[in-house]
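Participant: One structure, pasted below without further comment.
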Amino acid sequence: MATPAGLERWVQDELHSVLGLSERHVAQFLIGTAQRCASAEEFVQRLRDTDTLDLSGPARDFALKLWNKVPRKAVAEKPARAAEREARALLEKNRSYRLLEDSEESSEEAVGRAGSSLQKKRKKRKHLRKKRQEEEEEEEEEEVPEKGKKTTGGNKPQTEKPESEDEWERTERERLQDLEERDAFAERVRQRDKDRTRNVLERSDKKAYEEAQKRLKMAEEDRKAMVPELRKKSRREYLAKREREKLEDLEAELADEEFLFGDVELSRHERRELKYKRRVRDLAREYRAAGEQEKLEATNRYHMPEETRGQPTRAVDLVEEESGAPGEEQRRWEEARLGAASLKFGARDAASQEPKYQLVLEEEETIEFVRATQLQGDEEPAAPPAPTQAQQKESIQAVRRSLPVFPFREELLAAVANHQILIIEGETGSGKTTQIPQYLFEEGYTQKGMKIACTQPRRVAAMSVAARVAREMGVKLGNEVGYSIRFEDCTSERTVLRYMTDGMLLREFLSEPDLASYSVVMVDEAHERTLHTDILFGLIKDVARFRPELKVLVASATLDTARFSTFFDDAPVFRIPGRRFPVDIFYTKAPEADYLEACVVSVLQIHVTQPPGDILVFLTGQEEIEAACEMLQDRCRRLGSKIRELLVLPIYANLPSDMQARIFQPTPPGARKVVVATNIAETSLTIEGIIYVLDPGFCKQKSYNPRTGMESLTVTPCSKASANQRAGRAGRVAAGKCFRLYTAWAYQHELEETTVPEIQRTSLGNVVLLLKSLGIHDLMHFDFLDPPPYETLLLALEQLYALGALNHLGELTTSGRKMAELPVDPMLSKMILASEKYSCSEEILTVAAMLSVNNSIFYRPKDKVVHADNARVNFFLPGGDHLVLLNVYTQWAESGYSSQWCYENFVQFRSMRRARDVREQLEGLLERVEVGLSSCQGDYIRVRKAITAGYFYHTARLTRSGYRTVKQQQTVFIHPNSSLFEEQPRWLLYHELVLTTKEFMRQVLEIESSWLLEVAPHYYKAKELEDPHAKKMPKKTGKTREELG
């Protein structure tokens, strides 16, 4: 039999001839597998299960030869096994003896002797088996020498296992143990959710019962207290009424007596009686006259004036009027004095009336548009409606009946009943988002505790649509109708219509993989093709096959409906005709160099020259929107009363809800509203009264480079589909106009047909983690509508493996299952889980919450730049930006979460309040992932190590040419707003790498290279972290010329 070393060389040689390649670890794996197999067929079957070898022909012959060559301990029978075999034979023999007939005494004695001897042999066999198992375990732990030798004797190992087998078995045992822990954790989470749901209902019922009891008690007490007062009031009213009635009766009685007995002589008693009645009547009249005189005098007294003011005809901007800018009062006084000095009256001012708009319509500023095409509408308007029609709407039910989807209500419900999956095509504003869920609710799809889910790609859309539907149904938002977005849940156990972002529905699959509590799932705005929408398509398609009673509706705005139908196994398409008026499209004669300035000029140009109607402007992001609004307000302020009032209203995702709602308010008479929005207004929102649309032709898109791991949010030209959607916003209520700030040639030749799906241009770490949590392991063959690049998918798997979320077989680990429960980036999840090890979870929660508010903590007013920068520097702490964020939140919490503190320190209160909400939700999820709360008590080294445990992938070190990432060797730069911008530490960790003017590192943290080996020894090697410039030359004593010879 060959030695282990010789056998390994033989396997390597054979692998060359069979596979064309050879590797030492593969040879050791094959030898170890052959040693564990009891037969050659079992060995062949195990190799076939790996799906790496084609076991036909030479490969099968090689496997059989290898199994015959591999030494096995079962060849020579050990003495212990022989003794066990003899004892088993004796036991069988004794059993056969028991069946013979014999006297009871002799039989009992024989059985007793046999039993006693059998017990001794059993003890001996038990001892031998235990000893043999210990010897085998010792044999497996020993290493294989270069030249193995056979040993004699049953107590010595015959062969020694190779090192790779021991490592493989240990890894396999750890993998199986981790899988058991993961499944146990998932079961605990599921049971905890179940218990919590039941407790919520019980608490709700108990609370409702207590509230009703309290209400009844208060009603009884109020009734007892009110009855005496009501009696007094009723008595007084009755007395006044009785007085009037008695006086009327007395006057009637006197009139009758005068008419009947006026000419008759009366007795003395009758005359006295008549005189008494007249006296009583006169006194009553005098009393009434005195009361009326007192009331008349009371009306002549001074009374405090009552509130009689109505709605102002001109909108008042409180922020503008209460402006506290330096010198504001002096500026107003000077303007008033100058205005009084140059005041003119009458016809002398007529000559200056003609060029009153010269600041807007100067020739060098005016943008010339050319009418190119017209989008035909379905209806011809009789006349342009006045803006006041928005204030004179019908009731909510009348508005519902006026929507284009209403005439097709019965047909739509019949199509939903007859088909499991239905594609709905309809224009934005046709009512499919708000009305179809209500139709399904009225039809009874929410009976027996079932719910209807409607997904939206954006948070703002989910919140605004839910509020609108709640008003139409006459219920409070959060009861029957609610919404669920990231870090905010406005639902209850009574919610049956649930609007949510598509990412939140994906997270529902974790706790309810079959969506058993939903009867209908509606994926709205499917044409936007967001990352989560594409993942939802694959999952819902699979769930629909498993649950035939589940209804799936895919709503799209006239784009890609045929492709959606093909993807869902040729599902039928239900088309809702849109109510759209003609739209004239205008292009510029020449390209515009600065589209932001062109937008501002065009808005004023439309405002001055065009008939009444609101304006919708599309810009790329919050910064551009705020800049455009500021420019418009400044120019309108300079023009003053020369132009009509122009209301400038922004709309973007981070805007507070109350300010978002302003765009839906009716425009005051005599004014014009301009809404400056991102592409959220393309399809997700419908704003009434829009007649004019300004389209610069740009949008912001996130792109991801898997080779460098860098994300960039760049301004890119929009697609033709998006441009047509924007133009369609102008034809909602009347014939409109769309002004495109680019040429017709650019539209035809420079714009893409459709937008690239987000799944093909973003990082997939969260998606891979979620799909793995749902038990989907074969990601390469997952049913994507548009598959992502394999390079991006492989990088996501590599990152999750480095973070410990996946094992070497690509299976989800216990840590990965916990990371999937946290609705944040995988690196941020790893940082939160690692905080338990370093006892700093309180601080890490704060850092994670502050990192989740999109770098919008500080603000710099243009007139107070120096003060804002000084306030920011006051928060700096040694160590990096993460500790600065922690310091800001800590001081804000110590101030009692004060908004005044934020104003004084140039911190955005809205962002801090959102960070507090995020922290509270993450703190609630810590119990779910079984992480305890702890604080480091100011030991920031532990905080920095916990952050390093999650973001060791994002590290850079200082070289002679600047900062370079450790792995990719990419040149990067510290962002100028960082607290470490001037310090330049040798080793850095960054939160994200963004491409703007340069490759900037945002939110950097100073670390030590030894921490990387501590938290990620599997990812970094000591040689990679050595600094070649820090090495010193060895000290050596020089020699003289004589010594050198």
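Numbering starts at 1 and runs along the chain as it is shown here.
Even glycines carry a Cβ here, placed using N, Cα and C.
Sequence annotations record features per position, and here Swiss-Prot assigns region 'Disordered' to 101-211, 1026-1045. Annotation source Swiss-Prot lists phosphoserine at Ser103, Ser106, Ser107, Ser164. Marked as compositional bias 'Basic residues' by Swiss-Prot: 119-131. Under the heading compositional bias 'Acidic residues', Swiss-Prot lists 135-144. Taken from Swiss-Prot, the feature compositional bias 'Basic and acidic residues' covers 170-211. The domain 'Helicase ATP-binding' feature in Swiss-Prot is assigned to 413-577; the stated evidence is sequence analysis. Summarising the annotation, Swiss-Prot assigns ATP binding site to Gly426, Glu427, Thr428, Gly429, Ser430, Gly431, Lys432, Thr433. The annotation motif 'DEAH box' is assigned in Swiss-Prot to 524-527. Summarising the annotation, Swiss-Prot assigns domain 'Helicase C-terminal' to 602-775. Per Swiss-Prot, the feature phosphothreonine maps to Thr716; the stated evidence is similarity to another entry.
Give me the structural setting of these features: burial, nearby parts and distances.
Facilitator: Residue environment of Glu427 (ATP binding site) contains 22 other Cβ atoms, counted within 10 Å of its Cβ in all protein chains. Secondary structure from DSSP puts Glu427 (ATP binding site) in coil.
Long-range contacts of the motif 'DEAH box' (524-527) within its own chain (CB-CB distance under 8 A, at least 6 residues past either end) are made by residues 432-433, 454-457, 461, 533, 537, 554-560, 564, 683-684, 721.
Averaged across the domain 'Helicase C-terminal' (602-775), pLDDT for the predicted model comes to 84.
When secondary structure is read from DSSP and collapsed to three states, Thr716 (phosphothreonine) falls in the strand class.
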Participant: Out of Thr428, Gly431, Thr433, the binding-site residues in the record, which is closest to Thr716 (phosphothreonine) when you go by Cα distance?
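Facilitator: With Cα distances computed to Thr716 (phosphothreonine), the winner among Thr428, Gly431, Thr433 is Thr428.
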Participant: Relative to the Cβ position of Ser430 (ATP binding site), how many further Cβ atoms are located within 10 Å?
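Facilitator: Summing over all protein chains shown, Ser430 (ATP binding site) has 25 other Cβ atoms within 10 Å.
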Participant: Kindly report the helix/strand/coil residue split of the motif 'DEAH box' (524-527) according to DSSP, in that order.
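Facilitator: Taking the motif 'DEAH box' (524-527) as a whole: 2 helix, 0 strand, 2 coil.
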